[in-house]
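Chemist: Handing you a structure now.
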Amino acid sequence: MYYSLFFYGDCGQNKSLKLFTQSLTPPTPRLGIDEALLVVNNSLSFPVVIRQKSDNCYKCMPFCLGEVVPGQNWNVILDTTFAWTIYVEYNTSDGNRTIYCKKHHYFSEHSQYILNLDSDTRNCSLEHQNMVSSYTTYLPILYAAVGILGLALVWGAAKILWLVLRDRGCFHYLHFKSVDRVTARDLGYPRKVNSEYGAVNPQETEPLNRTNDSSVNGLMGAPADQSVKSGSGGGEATGKTPGRRRLASLDTFRGFSLMIMIFVNYGGGGYWFFDHSRWNGLTVADLVFPWFIWIMGVSIVFSYKSRTKHTILSRLYQLVRRSVILFGLGLFLNNGFTLGRWRIPGVLQRFAISYFVVALTELLTSEIRNSLCSLTPKGRILGIFRDITSNVFQWTVVFVLELLWLVLTFLLPLPQPCPRGYLGPGGLADHGRYSNCTGGAAGVIDRWLFTDNHIYQTPTAKETYHLLRPYDPEGVLGSLNSIVLCFLGVQAGRILVLYKKDYNILIRFLLWGLLLGGLGVVLCEGQKNEGMIPLNKNLWSLSFILVMGGSAFVLLAALYFIIDVILWWNGAPFKYPGMNSILVYVGSEILQGYFPFSWQQQSNSHLDLLFANLIAVGLWILIAYYWFRIDFFVKI
């Protein structure tokens with residue numbers, strides 16, 4: 001008969017968190033992904049207490065698994081993601097608890113270990129049984145990388161073959177049909193062509209009467225006029241504005257981030273680095289959300305630039321409308337079936353808040369100056385920095401918001417025993433002294449505004465640090481820094497609009513990337529946990545948004561150079577979901593639990609889960625490509 005126990009500190013205090021399974025008559029359990037079995041064989045004449053501590057649990061006190069009586073075989077299932085230290089303790093004759101032995105080990109997935117407590121040698125030994133090589137855990141990643149590379153090579157070879165055969169006239173009919181479509185688009189709208197030149201069958205050209213405005217998704221998708229001035233690089237003209245080209249690199253960046261997000265949300269193959277950090281630090285999963293926020297800032301510049309002729313009331317109405325729709329979609333995805341547990345903060349809610357504030361400042365800034373490009377400060381030096389001097393109002397707002405975050409984070413009085421400026425996860429951290437202080441000021445503000453019932457119940461730190469209270473990584477205080485990160489994206493958009501030469505854009509992108517990334521590293525002091533302000537996605541700390549903003553500048557610079565300047569890549573296949581990202585994201589969230597996007601795994605292996613998650617990503621790319629082909633886009 002199995003039962004679950006969790007003891008916090010003293011083994012007599014049951015906190016009822018299911019972290020392992022033990023048995024008095026232990027059979028061999030079926031192990032899941034990243035799990036190993038530890039069997040404790042107590043041959044001593046006295047009972048012992050087993051405690052354990054994960055290497056990923058910073059400054060944690062060892063927590064008690066339970067007591068093993070003499071002659072008992074006792075099972076515990078361990079997470080193999082990080083190494084563990086196992087403590088064996090016993091009570092001396094004077095009532096004090098003493099460490100009998102301890103073992104530090106990195107347990108391998110799907111392996112069985114026996115911890116023998118020998119009364120003869122007065123020592124403990126750790127034996128491996130059914131040992132599985134740790135390399136097999138990561139082999140599926142190699143298989144997937146080789147498979148994706150193979151598909152890319154096949155696709156490239158097929159495209160080259162298609163171009164060669166097409167140039168030789170092997171696809172005469174298809175080639176000229178494509179030319180007809182391009183010609184009709186260049187001449188004007190099909191209805192105008194029909195009326196002036198007399199098309200034989202107007203229905204043949206009617207599907208072409210869908211303008212590029214249908215691809216608008218100014219928040220998470222392509223903006224209304226996402227184009228830049230042609231510089232030294234080439235590019236495809238948009239058809240709407242001669243001499244301008246669509247910024248395919250931004251669509252690609254957005255789509256790439258979205259595909260990583262879907263891959264992570266669907267399971268990420270069960271690998272810890274495709275999951276969010278437990279508290280401090282960075283993983284692949286921590287990158288995509290802040291990148292999206294930053295990209296949204298870039299899109300805001302293009303969106304408002306294309307609406308300079310609209311009235312301020314019209315633009316304000318669109319701003320409020322989009323924010324409300326985004327917030328409402330987020331509440332819908334949070335599943336409010338049980339109203340008493342309906343989570344209020346969320347991913348799309350964070351987008352809505354960031355968009356509303358940044359777009360409002362962009363609107364007010366655009367009213368201050370006549371147009372985005374007309375403000376040219378006098379003097380050569382000021383002209384070089386016109387991407388900064390042209391939006392002093394927005395910079396002022398950013399500094400005020402960041403100052404507010406710093407004041408609330410480090411000076412807000414917290415309930416006892418929580419110290420001011422606490423940035424830890426609580427629970428077992430800091431040797432259990434601040435177990436109810438999860439997130440410091442951020443957690444206190446969210447629990448005050450929404451109560452424990454309406455914030456995220458299973459934060460990533462819960463299992464590792466054994467949190468006693470819920471915590472929401474998309475809370476109110478972190479939204480201040482997401483607004484700042486979104487504005488850094490606005491700065492990138494401003495550079496793209498104000499400067500004509502590609503080298504001017506690339507140099508500024510790289511300088512901003514190095515500056516922001518360097519500041520972030522200085523704040524965290526290049527360490528995971530010991531820095532002044534650690535990198536923390538749960539808190540959206542200042543160092544975190546600076547590093548994320550810097551990395552976004554550098555990545556967009558690389559994509560811009562490859563895609564929009566030297567034209568080595570057109571951005572496929574990532575640009576297709578990037579042009580319809582709000583629809584792809586919402587669809588992936590709704591259909592996540594349905595076949596063929598996911599299914600119940602028959603074996604507990606990384607290979608099966610990784611294969612299923614990659615299939616889901618591939619399906620959403622195909623769906624986005626189909627929507628692109630039929631000109632189906634959703635805007636909000």
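Numbers here mean position along the shown chain, with the first residue as 1.
Every residue gets a Cβ built from N, Cα and C, even glycine.
Among the features that TrEMBL reports, transmembrane segment is placed at 141-165, 253-273, 279-302, 323-340, 352-372, 392-412, 476-498, 505-523, 543-569, 581-597, 609-628. What TrEMBL lists as region 'Disordered' is 223-243.
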Chemist: Which residues, given as numbers and ranges, are at least 6 beyond the ends of the transmembrane segment (323-340) yet have a Cβ under 8 Å from it?
Modeler: 219, 346-353, 355-356, 359, 453, 586, 589-590, 636
Chemist: With pairs fewer than 6 apart in sequence excluded, do the transmembrane segment (476-498) and the transmembrane segment (543-569) have three or more C-beta pairs that lie under 8 Å?
Modeler: yes
Chemist: What residues in the same chain, six or more past the boundaries of the transmembrane segment (141-165), come closer than 8 Å to it by Cβ-Cβ distance?
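Modeler: Result: 171, 269, 271, 607, 610-611, 614.
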Chemist: Can you tell me which parts of the same chain pack against the transmembrane segment (609-628), counting only residues 6+ beyond its ends and a CB-CB cutoff under 8 A?
Modeler: 33, 140-141, 144, 148, 255, 259, 262-263, 266-271, 573-574, 576-577, 579-580, 583-584, 587-588, 596-599, 601
Chemist: For the transmembrane segment (581-597) and the transmembrane segment (253-273), decide whether they are in contact, meaning at least 3 CB pairs lie under 8 A, counting pairs 6 or more apart in sequence.
Modeler: yes
Chemist: Mind checking which residues reach the transmembrane segment (392-412)? Cβ under 8 Å, same chain, six or more beyond either end.
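Modeler: Contacts of the transmembrane segment (392-412) (Cβ under 8 Å, skipping residues fewer than 6 from its ends): 357, 361-362, 364-365, 368, 420-421, 423, 440-442, 444-445, 477, 480-481, 483-484, 487, 490, 539, 542.
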Chemist: Would you call the transmembrane segment (279-302) and the transmembrane segment (505-523) in contact, using three or more Cβ pairs under 8 Å, pairs 6 or more apart in sequence?
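Modeler: Counting Cβ pairs under 8 Å, fewer than 3, so no.
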